[in-house]
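According to TrEMBL:
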TRANSMEM  18-39  transmembrane segment
TRANSMEM  51-68  transmembrane segment
TRANSMEM  80-102  transmembrane segment
TRANSMEM  114-135  transmembrane segment
TRANSMEM  141-163  transmembrane segment
TRANSMEM  296-316  transmembrane segment
TRANSMEM  336-355  transmembrane segment
TRANSMEM  367-384  transmembrane segment
TRANSMEM  390-411  transmembrane segment
TRANSMEM  423-445  transmembrane segment
TRANSMEM  460-479  transmembrane segment
Amino acid sequence: MGSQEVLGQAARLASSGLFLQVLFRLITFVLNAFILRFLSKEIVGVVNVRVPLGVFWSLFLGWIWLQLLEVPDPNVVPHYATGVVLFGLSAVVELLGEPFWVLAQAHMFVKLKVIAESLSVILKSVLTAFLVLWLPHWGLYIFSLAQLFYTTVLVLCYVIYFTKLLGSPESTKLQTLPVSRITDLLPNITRNGAFINWKEAKLTWSFFKQSFLKQILTEGERYVMTFLNVLNFGDQGVYDIVNNLGSLVARLIFQPIEESFYIFFAKVLERGKDATLQKQEDVAVAAAVLESLLKLALLAGLTITVFGFAYSQLALDIYGGTMLSSGSGPVLLRSYCLYVLLLAINGVTECFTFAAMSKEEVDRYNFVMLALSSSFLVLSYLLTCWCGSVGFILANCFNMGIRITQSLCFIHCYYRRSPHRPLAGLHLSPVLLGTFALSGGVTAVSEVFLCCEQGWPARLAHTAVGAFCLGATLGTAFLTETKLIHFLRTQLGVPRCTDKMT
């Protein structure tokens with residue numbers, strides 16, 4: 001398969017079904033905003049901060065949540081112990097579907113992935129809304145049962161699809177899939193009598209260590225909140241709501257791009273091999289794609305940062321009312337907008353880095369991440385004691401900056417001996433930078449005079465100012481970043497002729 005064909009598949013994986021993702025996310029966004037009107041900050045903090053950590057440690061340290069950590073007041077958060085157990089059970093169910101998810105991801109089954117995940121999320125939100133309205137006294141039962149229902153529906157979607165696919169002799173996909181029946185995905189003894197392929201096991205162990213450390217870096221603030229009690233349950237709830245709202249664009253746009261183009265880079269480039277020793281056509285295509293993705297991530301991140309600063313309070317007021325728009329909520333979301341910029345750049349740089357690194361380089365990177373994890377946890381605690389929940393976001397920004405620096409160094413060294421310079425994607429036109437600065441200033445002044453206690457007419461005027469500035473910024477980007485526009489038109493904007501379940 002040529003690099004252009006792989007690029008087409010990766011672009012299709014990133015763009016196909018985007019309408020469905022936006023639609024499903026919009027539905028769950030509205031449902032979650034509705035649910036928030038009927039919940040206290042304390043129960044949101046327990047559900048979204050403490051209990052999901054119990055999911056991650058369900059097979060090892062789940063008993064800690066019941067024996068060692070502070071148990072919430074049963075009058076405020078009822079059925080805590082049962083909720084932890086059900087969340088742990090949902091983690092086991094989700095792990096059962098992991099082989100199917102990996103198979104779907106590796107073979108770019110776009111519609112399956114979008115429909116399975118979106119359907120399960122929507123059904124979870126609907127069930128949660130129903131239980132909150134009709135059985136509010138159930139407390140954590142509501143969220144733990146909804147989580148178990150979500151994982152069950154998700155796994156069943158994958159299992160049913162692959163059962164039908166592998167059971168159909170007419171399917172052309174059977175020629176490319178590495179398995180011919182469902183039982184091939186279960187542990188088994190190979191023909192030579194070996195139960196484990198040690199070469200693959202060592203590589204898996206390297207990625208497990210990397211994933212474990214990345215989990216600490218991604219969810220580290222939750223561990224600090226849980227074990228050190230630096231925030232009360234109410235503040236934890238506000239932080240997590242803002243965190244989820246701020247990361248909505250990252251989950252909707254950046255994550256699909258990162259996952260899809262990681263597959264592209266992994267298929268086009270030979271892992272651990274110098275760029276000058278590989279097929280130069282593939283190296284050139286990979287460099288051009290990386291440059292365009294960096295430019296796209298930078299523009300999207302800057303847009304969110306610039307406009308998010310002036311519209312954070314309005315967004316929180318619409319989403320959750322005064323519970324979110326007063327107090328630390330707006331400051332948290334403004335800080336998170338800066339974090340989204342770093343998150344976007346890091347997603348692109350790491351998807352290339354992890355696709356091109358050799359096993360030995362992955363192991364060395366793990367040591368760096370180990371040191372970074374320790375410093376991140378300490379920094380989270382110190383900054384939170386100093387400036388409250390904003391300290392978690394500042395620590396995340398520091399952590400993300402270090403990771404970006406590591407990846408940029410690897411990319412620079414990788415292409416050092418070649419004529420390609422993909423890091424040029426991080427350079428923007430001075431005219432575009434000036435437009436961003438002007439838009440940020442205009443919207444900040446608009447927020448002072450029009451938002452958010454002047455009534456809805458003033459809010460609509462503030463929104464109109466932002467829409468005008470956003471249009472001017474996007475128009476400037478369209479005129480100055482012609483190379484990126486060409487990439488988007490040719491790779492992400494052209495519908496593919498194949499219409500299969502990929």
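Yeah, the Cβs are placed from backbone N, Cα and C, and that goes for glycine too.
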Tell me if the transmembrane segment (390-411) touches the transmembrane segment (296-316). I count contact as 3 or more CB pairs below 8 A, with pairs 6 or more residues apart. no
Of the stretches 141-163, 390-411, 460-479, which racks up the most C-beta pairs under 8 Å with the transmembrane segment (423-445)? 460-479
Counting only residues 6 or more past its boundaries, what in the same chain has a CB within less than 8 Å of a CB in the transmembrane segment (141-163)? 47, 51, 55, 78-79, 82-87, 89-91, 93-94, 96-97, 100-101, 103-104, 109, 112, 115-117, 119-121, 123-125, 127-128, 131-132, 135, 182, 501
